[in-house]
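Report on one structure; see the data block that follows.
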Amino acid sequence: MADIKYKRVILKLSGEALAGDKGFGINPPVLKDVAKELKEVHDLGVQIAIVVGGGNMWRGVTGAELGMERAQADYIGMLATIMNALSLQDALESIGVPTRVQTSIEMRQIAEPYIRRKAIRHLEKDRIVIFAGGTGSPYFSTDTTAALRAAEINADAILMGKNGVDGVYSADPNKVKDATKFDHLTHMDIIEKNLHVMDTTASSLSMDNHIPLVVFNLNTSGNIMKVVTGQEVGTTIEGD
């Protein structure tokens, strides 16, 4: 059995990652692949919590284009994350992985409300927990949600799965050919160099609570397993 570096993790999944090449909505083959990889890691004994974004369904810029109030647009985004969470729950349970969805906005007919102690108990009972609805408040990103929940459940690390990007670069590698990839950074590097890995609130939360962050390409099969077993994948961000 492989050695486990991170026993309890938060996986931050962007909505775009679930859309895959489609760019919008949910791509069923991608969803199935993610679920299969998560099952392999879960079967290893790793406790997994997931924070999902909603960018494949709704973008804040869309609300701005409509002249919508920021708070209203953010609430729509929260609902988008819940749709993604329920889809991922179904994909996981269809392959035998017990999964619970907890939402920061109560909707008891379809999910549990977020309760910290209950979430931890689910993890201890080897259930995957998906946190949906962001923080439940507008003006906070799902990156901030990941950092907040990681601190609350005492996660060993935040795993940030990116769509087609294999780590943190000095510039957008899709636009700048000679962009430099970083293997290791500190949380302060992210803030000072304005590297746009997470927003400043999320980076500060991670730094203050000493939570490592690993940024990696979700589209490469086996990467989640490599990260939790301590193999060199993507970019590791830790320390002040």
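Glycine too: its Cβ is placed from the backbone N, Cα and C atoms.
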Name the residue range among 20-25, 134-139, 170-175, 230-235 that Swiss-Prot annotates as region 'Involved in allosteric activation by GTP'.
20-25
Reduced DSSP assignment, LYS12 (ATP binding site):
strand
How long is the line from the C-alpha of SER137 (UMP binding site) to the C-alpha of SER14 (ATP binding site), rounded to the nearest angstrom?
18
Name the residues of the same chain, 6+ apart in sequence, whose Cβ is under 8 Å from the Cβ of LYS12 (ATP binding site)?
ILE50, VAL51, GLY53, THR142, ASP143, ALA146, ILE158, LEU159, MET160, GLY161
Drop a 10 Å sphere on every Cβ of the binding-site residues SER14, THR135, SER137, ASN163 and tell me which sphere holds the fewest other Cβ atoms.
SER137
Anything within 10 Å of GLY54 (UMP binding site)? Look among the binding-site residues SER14, ASN163, ASP172, comparing CA atoms, and list what you find.
SER14
Rounded to a whole angstrom, what is the C-alpha distance between THR135 (UMP binding site) and SER14 (ATP binding site)?
15
